[in-house]
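A.B. asks: Dumping the structure here so I can ask a few things about it.
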Amino acid sequence: MLRLTRKLYTHESVEAAYKREDKPVDWRDILKGCSCSKICSFLLKFLPIITEVRKPYIKDCVVNDLIAGLSVAFMHLPQALGFGVLASLQPVNGLYTTFFPLICYVIFGTSPHISFGTTAIVSMMTSSVVEREEAVYWSTMNISSNMSINDPAIQEQLMAYKVEVSMTLCFVVGIILTIVGILRLGFVSTYLSESFIGGFTFACAIYIATSQLSKALNISVGIVSGPGRLLRYYIVLFSKIHEGNWADFLIAVFTGVIILAVNIGVNQRFKDRMKIPVPIDLIVVVLATLISKLGSFEYNLGVDIVGDVKSGVPAPQLPDLSVYMFTRVVADSFLIAVVIFTATISMAKLCAQIHGNTIDDNQEAFAYGVTNIVASLFMCFPASQAHPRTMMLSTLKVKSTLSGVSSALFVLILLLGAGPLFSHLPIAVLAAMIIVAMKDLFALIRVLPYYWRVSKSDFLIWVLTACVSLATDLEIGIYFGVSFSILTVMFHSCPQWAKGYLLARAKDEDLYLDKSSRVGLEDVHGVKIFTFDSKLYFATAEIFRKDLYEQVYTPVKLEIVEPEKGQELAILPPIQGETIHHIIIDCSHITYIDITGINILRQLVVDYRHMGTEIFLTKVPPFTVTALANSNFFDVLPMDSIFFDVNDAVQHARVYTQPQPATP
């Protein structure tokens, strides 16, 4: 048998044996920290690329990283074109939102696996904002009665306004994320539960797929925004179903089937044997463009095509920072910033865990912010990471952010000259690609049986967030989901759930467990060990006292009036049962105590002492010790009654011979 022994410790003896080290403020150390080299080192933290290129392994990995970046670039092209359309903008805006964020993240980012650029959910949220603002702008436009919203001149004017809105949105999102990084507020992402993110992401997938149905059918649905827009969208879509073009529909179906067949039958089935997956999206885009051009689909079949794709890089221009525009997008910017940070940092941490890297949350937030600020100057909408691109970089085992350089160069070539080659690409192809890309997000619903078994509250958060988002709008869904998540936390932290119970000792071991739920335990004679699994404050103080009375005994008070002496107070011992000479209170869960809790504890010490029962406190958290000391609590209960551990208090109580005399 292994026997372990140690000294018996009170709180004071532990503090004396293992003193805390309080370092005095040394102004010389502060001045040293403000030296030029220290300041330069601090500033260089905001430019990780400088440290990155100086690492010894960079020469060995740079070629592999650049090749990996080129492989990912093949995914960037179709996604940029498709998500540009998804954001209710032009395909070229998707290319801009790919090129500029890629370059910026190479400079400011710390995760080698994050592939910044366009992404479905952020594009969908951008679409919600620009379409809402488009509806407001359309209602204020002065146009002649013979012109409609489908007029090319009107469409061009509306598109210019939507791009302006997206630039302002991108800029404000960047400002918010930059502030989060500078003020080191990266921890805020922990307040978004996994169930909320899952439900919201599923709702986004429904919105994204729905938004592409009209493009797959070549039906003009018009502007649909505001609460309930999903239902209204379907009503308009089905009312115009007879206007759809069968050629667009067949192209979309054929594209979707081909992409699914290759992704499932080849890429997933043989992923262990393939270094990189077949870039089926890029292949489909190239082939569809060639076939459409050779067959003159636009004229012969009435197929809707991408149209003119501007070549070149746009000149920088400031977004509209007027008070009106800022107030219109600031709330949406905050929500998009939260989604970008949460989605991107979670993927960065996952890849870091897989490959043994380190990620700085706050520098990452700063990188996301600066990237979006710079991108907003070049007709971009908010940028984030995309799961498929990030996982490909992880699979290819890149070791630096330099992979973004080759991806950006590929997109730059397209912008400078090759972009117009895709002008004949059918819109239905992009729509099908986006719908198929939602397959994994639709599969998120499979997690619900697991949530139901493990946590009913997480199940409700997931389902209600998704349902409210679908029934109203994504913005309302976010507000509801976050609020409901907070309410569930408050519910589980409700003081009514606080509970006090007795502990008993395991036979032949110094192990103390819940007496009510286990067998094989025995009480310590004359000692009751009580624990309370909550903080001790105004909302739980009476519960604490009530449970202690029920589990141990109630110190009964009777007022006796004698004419000669006046009024006296007698406190009676328990009517029957063993004599309790010590109550040990395990305070390990009492991480916070307020004035009400302190007063209750003080009164219990006095009342039980009159009964001949002493109270010991054990495992008292530092904050609680400080609060008790500041309230002069230890004038009533001396510090030598505060023990390091339950067993220390039990061993001390066992040598008890006679109760302390009652306090006069």
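Using the three backbone atoms N, Cα and C, a Cβ is placed for every residue, glycine included.
Relevant sequence annotations retrieved from TrEMBL are reproduced here:
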- 517-653: domain 'STAS' (DOMAIN)
- 66-87: transmembrane segment (TRANSMEM)
- 99-122: transmembrane segment (TRANSMEM)
- 165-185: transmembrane segment (TRANSMEM)
- 247-266: transmembrane segment (TRANSMEM)
- 321-345: transmembrane segment (TRANSMEM)
- 365-384: transmembrane segment (TRANSMEM)
- 404-422: transmembrane segment (TRANSMEM)
- 427-447: transmembrane segment (TRANSMEM)
- 459-482: transmembrane segment (TRANSMEM)
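Each of the listed features needs to be described in terms of its position in the shown structure.
C.D. replies: Remote same-chain partners of the transmembrane segment (66-87), defined as residues 6 or more beyond its termini with a Cβ less than 8 Å from a stretch Cβ, comprise 93-95, 97-98, 102, 115, 117-120, 123-124, 126-127, 130, 166, 208, 211-212, 215, 276, 279, 281-282, 284-285, 306, 381, 386, 388-389, 392-393, 396-398, 402-407, 410-411, 414, 422, 425, 427, 430-431, 433-434, 437.
A Cβ distance under 8 Å defines the sequence-distant neighbours of the transmembrane segment (99-122), meaning residues of its chain 6+ beyond its ends; these are 46-49, 65, 72, 76, 79-80, 83-84, 86-87, 201, 204-205, 208, 313, 336, 339-340, 343-344, 347-348, 351-352, 355, 357, 359-360, 363-364, 366-368, 370-372, 374-375, 378, 380-386, 389-390, 392-394, 398-405, 407-408, 411-412, 415, 434, 437-438, 441.
Below 8 angstroms of C-beta separation, residues 87, 89, 93, 126, 129-130, 133-134, 317, 319-321, 325-326, 328-330, 332-334, 336-337, 340-341, 362-377, 379-383 of the same chain, each at least six residues beyond the ends of the transmembrane segment (165-185), sit close to that stretch.
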A.B. asks: For the transmembrane segment (365-384), name the stretch out of 247-266, 321-345, 404-422, 427-447, 459-482 with the most CB-CB pairs under 8 Å.
C.D. replies: 321-345
A.B. asks: Looking only at the domain 'STAS' (517-653), how are its residues distributed among DSSP helix, strand and coil?
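C.D. replies: Tallying H, G and I as helix, E and B as strand, the rest coil: 50 helix, 36 strand, 51 coil.
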A.B. asks: Pairs of Cβ atoms less than 8 Å apart decide it: which stretch in 247-266, 321-345, 427-447 has the most with the transmembrane segment (459-482)?
C.D. replies: 321-345
